[in-house]
Amino acid sequence: MTIGIIGAMEEEVELLKNSMSSVEEIVIGGAKFYIGEIASKEVVLLESGIGKVNAALGTTLMADRFKPEVIINTGSAGGMAEGLAVGDVIISDRLAYGDVDVTEFGYTYGQVPRMPAFYQGDAVLLKKAETIYREYFATSENKAVYGLVVTNDSFIMRPDQHEIIRTFFPDVKAVEMEAAAIAQVAYQFDIPFLIIRAISDLANQEATISFDEFIHLAAKQSATCIIELLKTI
């Protein structure tokens, strides 16, 4: 089985890359692929670049050229739900776009025409993650939460951005800039996927400071959780 893992930034893939054995690097159209093994599993690790277009491009290249049987997205996210703290992990059971509006034609806010309104994380992978992380976080000050992640081509920190997202997605847990695009490509290629992100900021007016300070913590937390999951796949 080949497992695809995608992170947007160098910081988000560094720990995973350093955990790989027999690493081969390939660059295609600016997307950096690292091919090797983690936890005795064949892995294709992608540093895609930031934003939905980079994520979609890289995921498409991965799906077409490397044929992964599973795709996992790692990285950081901004927490939107009450009670979340930096270092908590969000496992997405659903994903949506927060900046797509074709409602005049009868679509749900966030829905790309002729695509689902929400992209569903793979139920089998979700179940495995839930079992693993219940034990993993039992003695930790952080926690794993499950729910809706919303993707925007903007860094969310202003009250007006919050208001729009909460109006259309009142149960949102976290926001970020790539996951729904990865999910859409995985959906179109019929590849099971799971989004595992760690909270780097609380998507508020201190978010830029928090992100810069805690991106490495969030990346480490997310990557560590993924390595634990790989041991069970």
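Any Cβ shown, glycine's included, is placed from N, Cα and C.
The C-beta environment of Glu12 (active site, proton acceptor), restricted to residues of the same chain at least 6 apart in sequence and closer than 8 Å, consists of Glu47, Thr74, Gly75, Ser76, Ile215, Ala219, Ser222, Ala223. Under the heading active site, proton acceptor, Swiss-Prot lists Glu12.
In the three-state DSSP scheme, Glu178 (substrate binding site) is classed as coil. Note on Glu178 (substrate binding site): other Cβ atoms within 10 Å of its Cβ, all shown chains, come to 30. Annotation source Swiss-Prot lists substrate binding site at Gly78, Ile156, Met177, Glu178, citing sequence analysis.
Taken from Swiss-Prot, the feature active site, proton donor applies to Asp201, supported by sequence analysis.
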- Item | C-beta crowding around Asp201 (active site, proton donor), within 10 angstroms | 25
- Task: Report the residues of the chain - excluding Gly78, Ile156, Met177, Glu178 - with C-beta within 8 Å of the mean position of the site's C-beta atoms, for the recorded substrate site, in sequence order.
- Result: Ala77, Thr151, Asn152, Ser154, Phe155, Val175, Glu176
- Task: Rounded to the nearest Å, what's the C-alpha distance separating Ile156 (substrate binding site) and Asp201 (active site, proton donor)? Just drop the number here, would you?
- Result: 10
- Query: Which of the binding-site residues Gly78, Met177, Glu178 has its Cα closest in space to the Cα of Asp201 (active site, proton donor)?
  - Reply: Gly78
- Secondary-structure category, per DSSP, in which Gly78 (substrate binding site) falls: strand
- Message: According to DSSP, collapsed to three classes, what secondary structure does Ile156 (substrate binding site) have?
- Response: coil
